[in-house]
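Colleague: What follows is a single structure, and I will ask about it in a moment.
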Amino acid sequence: MTKILTTDQIRALDAYVIKHEPIASIDLMERASQQFVDWLEDNAGDAHCYGIVCGTGNNGGDGLAIARLLVELDYDVKVWIVEGGKPSADFEINRARLPEKVEVHMITGTPAPGIFDWCTLLVDALFGSGLSRPLEGIYADVIDCINAAEALCVAVDIPSGLRADGPSQGAIVRATDTISFQVPKLAFFFASSARYIGDWHTVNIVPWNLCEDFFEKTETDHHVVDNVYHLKKHREKFSHKGTYGHALLVAGSYGKMGAAILAARALLRAGVGLLTIHTPARGYAILQQAVPEAMVSIDPLEDYASALPSSDGYSVIGIGPGLGQADVTVKMMHKILEAYRKPMVIDADALNILAAHRELLSLVPPGSILTPHPKEFERLAGKTANEFERLEKQKALARQLRSVVVVKGAYSSIASPEGVVYFNTTGNPGMATGGTGDVLTGILTGLLAQSYPSLDAAILGVYLHGLAGDLAAHKLGVDSLIASDLIRYLPAAFRKI
Ligand SMILES: NC(=O)C1=CN([C@@H]2O[C@H](COP(=O)(O)OP(=O)(O)OC[C@H]3O[C@@H](n4cnc5c(N)ncnc54)[C@H](OP(=O)(O)O)[C@@H]3O)[C@@H](O)[C@H]2O)[C@@H](O)CC1
Ligand SMILES: [K+]
């Protein structure tokens with residue numbers, strides 16, 4: 001897991017490295033700029049007319065060093081410096097190091113439209129992590145010109161105008177790519193930032209072994225899930241189906257039996273020992289045929305689940321996919337929550353029932369996993385003004401329920417009962433289709449059945465779900481991906497980790 005640091009912590013990291021490596025700050029800037037140029041060469045080497053747009057802080061200092069390094073590689077480079085603010089010491093050093101042959105344009109007033117027409121690639125080095133207020137005036141005008149230009153735009157560290165740790169206002173650069181130094185910023189994980197960040201990449205400017213101690217001692221609520229291998233349990237030679245738990249899946253209603261099938265198949269592929277599906281009577285034949293490995297518990301009602309014979313003996317209950325919200329189903333859910341004290345996986349209509357009958361929230365067994373998408377989360381926790389606020393509400397809900405709350409999205413966020421958040425990095429837009437959530441419920445229920453601790457199950461399950469999607473997309477492309485493909489590629493995802 002990589003820790004996501006605040007801008008203050010990143011500043012402290014830079015200071016730590018400067019002191020302990022030790023390295024002069026201008027040399028650290030040189031290293032950052034070199035890494036940036038290496039990335040450009042590998043990924044945008046055919047863009048020959050580089051326009052470097054600089055502020056006068058250290059982000060602008062990076063820009064000037066990048067300009068010099070590109071000139072040394074024989075690219076055509078022009079520099080624009082927006083005047084204002086006291087130049088930083090390292091900016092001044094790199095200003096003096098810039099070869100005389102490089103054209104430097106000072107921007108002192110509103111720039112003319114089309115000012116960047118010459119460029120095929122713009123490097124945004126106006127502001128980085130030192131942004132302290134919304135950008136306006138001449139800076140906003142320059143940003144309008146950058147955003148209007150046809151050139152690709154690669155941001156140094158963070159798009160200018162975007163705040164790393166909180167909601168942004170004012171003008172913001174819309175980059176095609178963002179190269180962040182050492183660690184990604186919190187804003188990178190939110191849908192609302194995507195149009196500014198483009199694709200983000202991190203480059204190391206400090207060898208990890210030199211800052212290991214710093215990272216260990218630095219506390220943060222936010223992590224990136226980049227490896228889950230250590231979480232995976234191994235299947236023992238002398239194990240049997242009892243070893244891997246007996247899951248109960250409560251899913252499906254009239255017109256939504258597909259959700260039950262998807263969740264059940266994923267549950268089995270996640271390695272559960274035994275599976276029983278409780279389903280409305282109409283689902284009996286469907287499920288027996290579609291999922292022969294599962295047993296079926298049949299509800300007295302034809303179309304909706306209304307009465308579970310007993311929840312005793314099951315290692316875990318997964319509830320929600322395709323369940324519907326009929327009054328009889330609400331009553332059944334109330335009874336299950338009163339009787340069952342082991343962790344549950346709660347999704348879809350089961351979440352909507354909790355949102356509409358808030359008295360049930362206190363009955364959620366500690367250690368459960370809730371998997372709302374943003375709309376379901378809003379129903380549960382209320383509207384929020386932005387994703388930073390939503391993240392805080394997510395942590396609060398996880399603490400309140402002493403459970404894991406997963407808000408699904410491009411970077412699904414997984415909040416532990418202690419309010420620590422893990423952002424998942426697998427998955428792709430092909431997964432934005434109906435049924436993929438049901439597959440996730442199945443995977444998580446299957447892992448909980450096998451006695452994975454709830455947080456491990458959530459981190460591992462969300463990662464595997466996205467990885468199965470990535471492997472499927474690699475073969476099939478993102479446009480035609482369907483939820484069943486995730487189940488088909490789940491075995492390969494397990495093998496891969
Ligand atoms: N530290 C290191 O060792 C390394 C750092 N590196 C690089 O440094 C970057 C951080 O540099 P930085 O701290 O100098 O901040 P940066 O964003 O360039 O500008 C700050 C200036 O802008 C001003 N200002 C702020 N908001 C404003 C506004 N709305 N409108 C107008 N002005 C505004 C602010 O003024 P103030 O807030 O003080 O009034 C201050 O003068 C980082 O992102 C990375 O690229 C790398 O080289 C690796 C090594
Ligand atoms: K920038």
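For all residues, glycine too, the Cβ spot is worked out from N, Cα and C.
Those TrEMBL annotations? Automatic predictions, nothing curated.
Small disclaimer: the values here were computed from a predicted structure and weren't measured.
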Colleague: In TrEMBL, the K(+) site includes D124, S160. Which of N58, N59, N204, N209 does it also list there?
Modeller: N59
Colleague: Per TrEMBL, which of G382, G437, G442, G446 sits in the AMP site along with K408, G409, A410, Y411, S412?
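Modeller: So, going by the record in TrEMBL, that would be G437.
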Colleague: Please check the binding-site residues S129, S132, S160, K408, Y411, G437 against ligand 1 and give me the ones with CB under 6 A, sequence order.
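Modeller: S129, S132, in sequence order.
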Colleague: For the recorded K(+) site, whose residues are N59, D124, S160, find every other residue on that chain with a C-beta no more than 8 angstroms from the centre of their C-beta atoms, and list them by sequence position.
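Modeller: Result: V53, G55, G60, G63, A125, L126, F127, G128, A155, V156, D157, I158, P159, G161, V173.
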Colleague: Fewest other CB within 10 angstroms, which one of the binding-site residues G61, G322, G409, G437?
Modeller: G409
Colleague: Near S160 (K(+) binding site), which binding-site residues out of S129, G409, S412, G437 have their CA within 10 Å?
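Modeller: Near S160 (K(+) binding site) by Cα: S129.
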Colleague: Within the set N59, G61, S160, which binding-site residues show a CB-to-ligand 2 distance under 6 A?
Modeller: N59, S160
Colleague: Of N59, G61, Y139, which binding-site residues come within 10 Å of G437 (AMP binding site), going by C-alpha to C-alpha distance?
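Modeller: Taking N59, G61, Y139 one by one, none has a Cα falling within 10 Å of G437 (AMP binding site).
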Colleague: How many neighbouring Cβ atoms, not counting its own, are there within 10 Å of the Cβ of S412 (AMP binding site)?
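Modeller: Taking all protein chains shown, S412 (AMP binding site) has 25 Cβ neighbours within 10 Å.
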Colleague: Can you check how the pLDDT averages out over the domain 'YjeF C-terminal' (224-497)?
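Modeller: Averaged over the domain 'YjeF C-terminal' (224-497), the predicted model reaches a pLDDT of 97.
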